[in-house]
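Peer 1: Structure below; questions to follow.
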């Protein structure tokens with residue numbers, strides 16, 4: 001029986017990850033053959049015991065990710081780890097805007113997500129296998145490897161790097177603050193963060209100034225904890241908020257606030273590591289098997305699959321105009337308005353809007369009728385439409401070409417892929433529109449001035465999906481949407497729930513859920529089932545893998 005796996009190794013220079021090397025092992029022959037990118041890695045079939053290096057690496061629940069993984073992992077594990085961490089980071093992003101960071105609600109919800117996805121969330125170093133799930137060692141291994149996988153996926157553009165750094169920093173802050181003081185000190189020592197503590201005599205001389213300038217400190221707490229003398233440029237956040245005593249270019253930081261310094265260090269290290277990884281990507285992208293996987297990971301959608309319909313054909317063409325004003329997200333509302341005004345959309349707009357309409361229940365016959373009736377009102381006659389445009393609509397529904405049943409675009413795909421150019425109207429208005437034009441558009445749709453300001457603030461902070469969610473709340477007159485918006489079709493369904501009417505068009509509540517990890521699992525199973533077939537070659541296997549992520 002054939003057995004094909006991808007293994008992952010890293011090379012390290014000056015303590016930073018420079019490149020990731022993937023090794024393809026084909027054991028379908030009697031002698032194992034290794035195909036490589038840049039570096040060849042051999043591994044034994046026998047499972048190796050945990051090395052001292054790994055035991056030391058995973059001896060603490062929080063780390064700087066300075067040392068890359070040195071073990072081999074299977075393709076299935078690679079995909080599962082990446083998707084789970086992506087879910088965790090998206091949860092961190094949503095909670096960071098919806099709640100005050102480090103508040104009780106924030107910590108409670110993030111703690112639940114750690115447990116759900118089997119990531120380390122407590123300081124217990126006991127490596128015994130618990131009855132309810134993976135051991136601490138397994139959780140820390142998953143945390144470590146998944147971080148480096150997403151580094152590869154999110155180092156490719158400035159926007160991706162900025163998003164990844166922010167979420168990882170917020171995640172690190174939560175973990176570090178959750179450590180007991182003894183574990184915080186242990187972490188500092190493990191990572192060679194040798195900050196100088198002031199002497200007892202100096203602390204006594206500065207006691208009143210430390211109390212007056214340091215947040216929530218009393219005479220007793222000053223005496224009970226260490227203070228660190230740090231160059232002020234390493235603690236700009238604390239200086240800006242006037243939470244520390246500043247003297248002669250140095251700040252005096254209580255041990256309870258040392259997290260600010262550690263976070264700055266973590267951010268700097270991660271930023272440099274991502275830049276180094278980005279420069280090494282051509283070596284990875286030269287292998288056509290890996291480039292699609294990494295690209296799709298950076299655009300991955302891990303929510304409900306809206307390609308599976310139970311209400312197909314239950315929406316009439318006469319309802320679309322009304323629904324566009326009530327239940328369409330802004331991206332689809334502007335596409336619909338442009339189509340009605342110009343009687344034409346370019347390919348990017350047709351794909352984005354056409355798949356959205358398919359997702360809310362438009363049948364193939366209705367779609368052909370809808371697009372034909374609109375296009376022939378412009379410069380396209382019926383004969384030209386049938387020859388030039390009808391094929392692409394049937395292709396969209398999986399009736400032509402390779403018969404792929406295309407999935408409606410997620411928010412991440414709309415935001416990050418195929419940005420609109422001059423004359424295009426697709427994309428995300430919150431991401432791709434000039435702020436002044438976006439403001440005019442929101443005013444036209446009668447969003448209140450205060451609401452517009454809230455949306456523009458979110459856009460300024462690059463929280464595009466949260467800006468859309470705020471638009472939902474304002475246009476539906478509700479305080480809290482009580483969901484995390486990740487998909488235009490999700491917006492439509494939630495809108496119909498709020499409005500409470502339109503039973504003929506409301507998506508059924510038992511719509512199957514198919515998250516990204518289900519797709520991964522099916523893909524891996526399909527590859528295993530196909531393994532006994534001797535005609536299955538490497539190119540076909542990768543083509544199947546690419547198709548699993550194609551419409552994420």
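From the backbone N, Cα and C atoms, a Cβ is placed for every residue, glycine too.
Okay, so TrEMBL annotates it like this:
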BINDING   331, 411, 428, 468  [4Fe-4S] cluster binding site
COMPBIAS  512-521  compositional bias 'Polar residues'
DOMAIN    322-492  domain 'DNA primase large subunit C-terminal'
REGION    503-533  region 'Disordered'
Peer 1: Only counting partners 6 or more residues apart, tell me which same-chain residues put their Cβ under 8 Å from the Cβ of residue 331 ([4Fe-4S] cluster binding site).
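Peer 2: Within the chain, residue 331 ([4Fe-4S] cluster binding site) has Cβ neighbours under 8 Å at 352, 414, 426, 427, 428, 429, 468, 488.
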Peer 1: Would you mind giving the whole-number mean pLDDT across the domain 'DNA primase large subunit C-terminal' (322-492)?
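Peer 2: Result for the domain 'DNA primase large subunit C-terminal' (322-492): average pLDDT 91.
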Peer 1: Let me check the 10 A CB neighbour count of residue 428 ([4Fe-4S] cluster binding site). How many other CB atoms are there?
Peer 2: 26
Peer 1: What is the Cβ neighbour count of residue 411 ([4Fe-4S] cluster binding site) at a 10 Å cut-off, with all protein chains included?
Peer 2: 24
